[in-house]
Amino acid sequence: MLRVLQAIWQADGAFPSGAFAFSYGIEGALALRRDMTLGDFEALVAAMLKRRWASYDRVALLWSYRAGGDLEAIAAVDREVEASTLIETLRTGSRRNGGAYLASHARLGQPLAIALRDDVQAGNCLGHIAVMQGAVWSELGLDEALAQLCSGYTAASGVITAAIRLGAMGALQGQGVLQRCLPLIEQLAAQEVPDDVELSSFVPFLDIAAARHAQADLRLFAN
Amino acid sequence: MFHALRVSDNEARDGASAARVGIGGPVGSGKTALIEALIPVLQRRNIDFAVVTNDLVTKEDAERLRRSGLIDPARVSAVEAGACPHTVIREDPTLNIAAGDELEARFPGLELILFESGGDNLASTFSLDLVDWWIFVIDVAGGDDIPRKRGPGLLRCDLLVVNKVDLAPHVGVDLDRMLADARQVRGTKPVIPTNLKSGVGVEAVVDAISAAVLFRV
Ligand SMILES: Nc1nc2c(ncn2[C@@H]2O[C@H](COP(=O)(O)OP(=O)(O)O)[C@@H](O)[C@H]2O)c(=O)[nH]1
Ligand SMILES: [Mg+2]
């Protein structure tokens, strides 16, 4: 049961990881669609889970998890993520989020996190969040299933929390959306991830919204 | 009033060598103005420093400092606060910690990093994970009853700066009384009045930083 508790600890929004400063395109999307309904928003979160998280972040997470602490192999996954993230603010946001996440685990004394943080500072590694999570969660003893559930949960709760903070919905409306996402996360996490699959992400509306957001004069989130 | 628990040596900030100082306080009290005033004094005293700003929206403060011509723009980092100015300095200071670590890696001789909070209310406090010592800036135009409200920021900071003393006569504030109230609620902890338009009190603030975290007197 300890590994389940470790997973709960890592998925808890109170765990400091810098995630609260990123909306991963949601702030831009809400600015673009002023008439977005709660149903539209829920559909957008589902699309993000299916077509960005499951086929992209989750795959990078598992590759990094399977690297079993090998710094070279982790850095290779990290470069792959860097090269295949088209939108600049999503790319830099993922790196900064990963850097903050490593800062947390490094301060807590996790040896791989310390090594990765030093590698990022030395320029040997870029520190993308999904890759860093996969690496550290494997060290913490989460199994693949728990690592995926943590990742999917934090991805969904992160964008929903951002939307609540932007005033797009009430706190409880947001929790309703999150609750309805849980079966989808479970279902997506059950899909096999072979080692030779390609990273793929296709949520053009969110990508365009993130790109436009980068140009906005006024913004609360880093992406 | 709660106080911060002491940590044993091995739990203290690992690997960080530059002293980290927080500057918090309500929006508009003069935090950026204080940094602008500190810069030339720190430079004159040959203190190697950098700045991290936490802007609520956009990177306004960071850009203002970078464009000021006072400091090498590479020594100013901006951390967006995700609409949560208190979270980024207290509940989740990791983005700021990472920004500080990154500055230290880039400028190996760094002695001091100043963190400007995005501006919050009287309850904001800095996490001691992030800073070694912190300043809270209020201003006389905010009203002379602020010290009596005993907000955690004002009570717990290591140094209280009461700024815009030049405005006291214009806003009907009895400055002596305001300072006396502030000193009374803070016990032995220091209070420094400043006028950042003319530079009054700035040397005293640098003296306090130097003595507290740079061990220079
Ligand atoms: N009269 C006067 N104005 C000041 C003083 N310090 C700052 N200001 C002004 O107060 C405003 C807010 O200052 P700023 O540094 O941006 O506040 P921040 O939000 O705390 O960073 C600016 O217009 C400053 O020029 C002061 O000592 N006297
Ligand atoms: Mg400011």
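From the backbone N, Cα and C atoms, a Cβ is placed for every residue, glycine too.
Listed in TrEMBL for this protein:
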- B:GLY25, B:PRO26, B:VAL27, B:GLY28, B:SER29, B:GLY30, B:LYS31, B:THR32: GTP binding site (BINDING)
- B:21-192: domain 'CobW/HypB/UreG nucleotide-binding' (DOMAIN)
Surrounding the recorded GTP site, with Cβ no more than 8 Å from the Cβ centroid of B:GLY25, B:PRO26, B:VAL27, B:GLY28, B:SER29, B:GLY30, B:LYS31, B:THR32 and those residues left out, we find B:ALA33, B:GLY119, B:VAL137, B:ASP139, B:ASN163
Simplified DSSP label at B:THR32 (GTP binding site) comes out helix
Over the domain 'CobW/HypB/UreG nucleotide-binding' (B:21-192) the mean pLDDT stands at 92
Should one count Cβ atoms within 10 Å of each candidate's Cβ, the binding-site residues B:GLY28, B:GLY30 would be headed by B:GLY30
Hits among B:PRO26, B:LYS31, B:THR32, i.e. binding-site residues with CB under 6 Å from ligand 2, come out as B:LYS31, B:THR32
B:VAL27 (GTP binding site) falls, by DSSP collapsed to helix, strand or coil, into coil
Judged by other C-beta atoms within 10 Å of its C-beta, the most isolated of the binding-site residues B:GLY25, B:PRO26 is B:PRO26
Around the Cβ of B:SER29 (GTP binding site), other Cβ atoms found within 10 Å total 24
For B:THR32 (GTP binding site), the number of neighbouring Cβ atoms whose distance to its own Cβ is within 10 Å equals 23
Least surrounded, by Cβ count within 10 Å, of the binding-site residues B:VAL27, B:LYS31 is B:VAL27
